[in-house]
Amino acid sequence: MTVLEQGQIQIHTENIFPIIKKAVYSGHEVFLRELVSNGVDAINKRRMAAISGDCQEGDQGKINISINRDRQTITISDNGIGMTADEVKKYINQVAFSSAEEFLAKYKTEKNAIIGHFGLGFYSSFMVAKRVEIQTLSAKEGSEPVLWQCDGSPNFSLNAGSRTEAGTDIILYLMEEELEYIEPARIRSLISTYCDFIPVAVCLDHEIINKREPLWRKNPRDLTDHEYVEFYRTLYPFQGDPLFWVHLNTDYPYNLQGILYFPRISGRTDWDSGEIRLYCNQVFVSDSIKEIVPRYLLPLKGVIDSTDIPLNVSRSALQTDRRVRSISGFLVKKIGDQLKNLHHTQPNRYAEIWSALAPFVKIGAMEDDKFAAQVIDLVLFPTISRMNHDSKETKNFTTLSNYCTRLESTEEKKILYCTDEIAQAGALSIWKSQGKEILLADMLIDAQFIPWLEYRNTDLKFQRVDAEIDESLQDDEENDDSKVGAEKDHLLKLFKVAINDDKVTIQVQALKGIATPAALILLPEQMRRISDMGALMEQRLPNLPDYHILMINRKHPLIKTLAKLDTEVYQELANNICRHVYEIARLAVGGLESNQMVDFQKHSCDLIGSLMERLS
């Protein structure tokens, strides 16, 4: 065999191969992606050069991966442009010099057809191989085949090759610890992960593996809803159908295509890393794109494909720069526009899926002022109201601005809201009985969203239904003020003695409404918010604050009877009834701990037993 040349690879960083193996790439498996990407580049280069008359035109582009178990090798072959001996020396021996950059300088018309911009892709081979050979023949007329060999050290040999057709074979002699890559199932899986949408056939032992059908590259007008849904099911099997999607396509000021899907939120939703897949010219790069997509959109799914998103040398991490921020802003705007379009053109559908959209929209509005400006009028609240004329309860959706237009003209606009229809049922029934409209804010995020809304709208005051009972809910039809006053004082004294807790403020009022309970717990708005925030900081569920108000409904039959009870004779019974009324009010708002529930059950049975004894 004639030796053409021997020498050392020109390396600008000392001992670069250990760096490549351990630091440059995040996982060894990406070697296949890099080598296939190089093959696609070579095929595209040959096509473009042939158009210019600089080389022979080849057959339909194809990449084949073959496995030799006996030799423990993997060979990645392409029928692309190939290389001459001088090109091998220039592009392979000089690490970090990408042939794509120089090629683009000559053929500028189809920049997006070239994947590689990073130079080190080929050297990812040495993460899995102890020795690498390149058999290559340039498509340029009169070229001779070349064999390049390297054992992972800076030393190489360049000899006459044996390839008879234009193209390149990369032959990897695998390390013992990397023999998993001679398993066909493993290679098939890697092709499906990284190369499924490459526009060139990728074969394993001459069987085509990849789909080559990137839906995001098609014109949205040519696609049906069924095709969008089927593509989603392909990407994310067994995860249900998406709520809706946004098709992205722009070529200025950057090139970007993609499809983003709004999934149905579940307990498995990832708000930290995300599941959007990043591609570069249809080559899978990463599914961790926190630098591109704002945190509140990370639970979205789908594909983003761009040659203008800057990658590091291995394409395994993203660099944050001005283009990334611009792309992020573009994505946010497109999503906001789609939400606005859905809200205006399909209001019923929008309301139907609102509960799934709400976390995205509310968190996004709180974290991003520009997004907030887009969506603030798209935030929906279910409303609860009871119309006076037929006492029929209705539940609809409303925006905050529409709710405000229905408020009575007062100096201070008070927004009534409820976070739990069961726990706040007592107070809720009073407001509903008066025909009031109440917003339902029962999502976990609403504990932060309501204060944020109040901060943005300083003329509005948000009040939970159990925060206070204003004068409009108190029955002012009293015939004998002095008699009423004496009864109030008597009931107040009874409950204070029975409860014996200075942290509980006791109030006695005659409350409107037929279904109004005997007593209810009130939690002043700001005090409750502080308590809820403390629970959030400590990562626990909010409990009943020690300081709260016990509102006694003087019009309730039980309280009326209690007021008439001869306490000189039945003092113990009166105390037991007062404590029982208080415990029922606490129970209604979830204010009894598990050990207190046991005491409540015992006390209830004892109270009923004592009453039955008196009747016997």
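Cβ atoms here come from the backbone N, Cα and C positions, even for glycine.
Database features, via TrEMBL:
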BINDING   E34, N38, D78, M83, T168, R315  ATP binding site
DOMAIN    27-178  domain 'Histidine kinase/HSP90-like ATPase'
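The Cβ of D78 (ATP binding site) has 28 neighbouring Cβ atoms from other residues within 10 Å, across all protein chains displayed.
Of all the Cβ atoms in the protein chains shown, 25 others lie within 10 Å of the Cβ of E34 (ATP binding site). The Cβ of M83 (ATP binding site) lies under 8 Å from the Cβ of Y91, I92, I134, T136, S138, V146, T168, each on the same chain and at least six residues away in sequence.
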